[in-house]
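Accompanying notes for the structure given below.
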Amino acid sequence: MLRTTRGCVGVEERDEEQEDEGEEDLRDGGVPFFVNRGGLPVDEETWEQMWRHVARIHPNGEAIGKRIRGASDLPKIPTLSVPTYQPTTSIPQRLEVIQKYIRDLQYNHTGTQFFEIKKSRPLTALMDIAKEMMRESLPIKCLEAVILGIYLSNSMPGVERFPLSFKTQFSGNHFCHIVLGMHSGGRFGALGISRREDLMFKPLEFRTLADLVQEFEGAYRSYWHTLSKVKIGQYVSHDPHSVEQIDWKHSIIDVDKLTKEELRRELERHTRDMRLKIGKAAPPSPTKDRKSNMGSPLRNPGSPMRRNSRIERRPSGEKKVLDPKPPPDMNGYQIRV
């Protein structure tokens, strides 16, 4: 039911797996976090495991857990209203409304991620998880915020979204973080959540992707973190029913091995790749017009029956030559195939 993910500490193979979880931790890379795999409501085993973990990682130890669990007058947590805006609301203002909603959910400090996010799942399944997050209004981590940001911006066809992941080093440990990159009107920005105010939302004011990445690098530098790697995915489909998988790491850039100019060139190349992909993705299912020409889905398209029938067909512009009919055979039937 639970799996422990220790930041990005360990050998390179484990690094890749842990980075995929999208966890971000600026305090202690060795602190594990758990993923609730039993769904909601949380089962008893997961619930107790979460509080034991809180007792280990919180400065006040078990006292904080006893104080909260023993309280009888805890306020009821309200369910947040889904972001709404007028048709005339500009794109930057809409993104600010979405970011406020994500921020109001608050960052999850419990050490247990409440919603299981499997990156290999199709987009439509991840959008169902986003709906569940909005119903429950629980605190979230950075990877959950990315899924929620995708769902809430699906109705903005003029806004392209892409995963943007960071790996940093501090005091001998590795740390991972992920935000949702945004591109609209020739400008870049980002949505997300973090413990740090300057490692999540970025307004649509960056002229290039390189400018956006350098903005995050400067924020990390202020916390004495060294940016070592950046992973950038492709644009995400706006179709909430798409069965495509999100391309989380189309480009993996070793920042610490490149000069500033080389990094800028790599990011410009990735920007061109993303633009070329727009409009080329295949639809998740055949349209009505295509379905009428596809034949029965239960029959193998390569079967002899279908092959022979195609051979006998003539182009529409070709005139069929009528053969003289043989005299009728009064002694039996003629069977024509």
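If you go along the chain as it appears here, the first residue is 1 and each next one adds 1.
Glycine is no exception: its Cβ is also placed from the backbone N, Cα and C atoms.
Look at TrEMBL and you will find Cys142 (among others) tagged as active site.
For His177 (active site), the number of other Cβ atoms no farther than 10 Å from its own Cβ, over all displayed protein chains, is 29. Sequence annotations record features per position, and here TrEMBL assigns active site to His177 (among others).
Look at TrEMBL and you will find Ser194 (among others) tagged as active site.
According to TrEMBL, the compositional bias 'Acidic residues' annotation covers 13-26.
Annotated compositional bias 'Basic and acidic residues' per TrEMBL: 309-323, in sequence order.
Residues or ranges marked as region 'Disordered' in TrEMBL: 1-29 (among others).
Marked as region 'Disordered' by TrEMBL: 270-337 (among others).
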TODO: Quick one: pull the CA-CA distance for Cys142 (active site) versus His177 (active site), whole Å only.
DONE: 7
